Every structure is written in C-alpha cells, then in structure tokens.
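J.: When I checked Swiss-Prot for this same protein, it listed these features:
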TRANSMEM  11-31  transmembrane segment
TRANSMEM  51-71  transmembrane segment
TRANSMEM  72-92  transmembrane segment
REGION    144-171  region 'Disordered'
COMPBIAS  144-156  compositional bias 'Basic and acidic residues'
Amino acid sequence: MAQINEIIELIAALLIFLGSIIAVISAIGIVKFQDVFLRSHASTKSSTLSVLLTLVGVLIYFTNEQSFFSVRLLLSIVFINLTSPVGMHLVARAAYRTGAYMYRKDDAPSRSSILLSSKEYNSTEELKNRARIREERREKIYYDVQKQRQKEKQQEENIESLSEARRETKD
C-alpha cells in the first residue's frame, strides 16, 4: 500500500513539474514573440496545458493523500480550459480590428534574441501606416462586394423586365 501511495505521489509530482516547465516555456514565448497574435498563441496554448497538468497533479495528490476529492479543483480545471482560449480569441480579434502590429517574415532581424521586442524594430509611424493600409484594403474589399451586389441586383431587374416584356408580347 505504501508503494502505491509513493507511485501516485510521484505521478502527481511529475504532472505538477511538467505543468511548471510548460508555464516557463509559455513565459519565454510571451517575451520572445513580437506581436500580440503570436504572444496570445504562446500564452493561451501552453498556459492552458500547464494549468491543466498542475491542477490534475494537485487533484491526484490530495485525493490520494487525504482521501479528499475537490469539486472546486475539478470545476476550476473545466472553467479555465473553457474560458482561457475564448478570452484570448476575443483579445486577438480586438487587436486585429484596431489595427495592431502583425509580425511579418521580412521584419525579422538578422539574428534573434530572447529579449526581442516589437518596439525595438518598429516605429509608431510604421505601425500606423500598416494599420492604414489594412483598413484601405478592407474598404476596397467592402466596396467591391457592394458593387458586385449592385450588378447582380441590376441583372435580376433586367431579367425581370425582359420576362415581363415577353409576357406582354404573348398577350
């Protein structure tokens, strides 16, 4: 019985340790990546997994050690895994809609550093210019779609008027 308890404690400790390692990797990704989209990806994917592993390890440990099953831990696991990706998706969508900086391969410096920041390589004017260009593209696409819809509507009206003219000639 003592060996089983030690094995379960070892599994719980291993899960907590893996969760910690993944959290450190997530922190490095947040610091290393240049824009809000890459940072949100790094933080959401790995931190969700790290919290999952850590809380499952804690749940296993306390269930084994004190014969206490915590519904709060189980609910927190479910809640974090449901809300974290959704919340970060909303943050990324808001950043995109406001014209946030988007990293491009040609923006990459010749050598990368773990302390790389977008502020070092991009001025405010550049970011505003990219946001303006993106907004112009969106407007152009919107107006092109509107023109296409107007053409389709005009064609439908022409077809209807031709069919009415044919009906009148038959009568």
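Glycine too: its Cβ is placed from the backbone N, Cα and C atoms.
Mind running through what each feature is packed against?
T.: Outside the transmembrane segment (51-71), and at least 6 residues removed from its termini, the chain residues within Cβ reach (under 8 Å) are 5, 8-9, 11-16, 18-20, 22-23, 77, 80-81, 84.
Within its own chain, the transmembrane segment (72-92) has Cβ neighbours under 8 Å at 36-37, 40, 43-44, 47-48, 51-52, 55-56, 58-59, 62, counting only residues six or more beyond its boundaries.
According to DSSP, the secondary structure content of the region 'Disordered' (144-171) in residues is 27 helix, 0 strand, 1 coil.
For the compositional bias 'Basic and acidic residues' (144-156), the list of distant contacts is empty: no same-chain residue at least six beyond its ends comes Cβ to Cβ under 8 Å.
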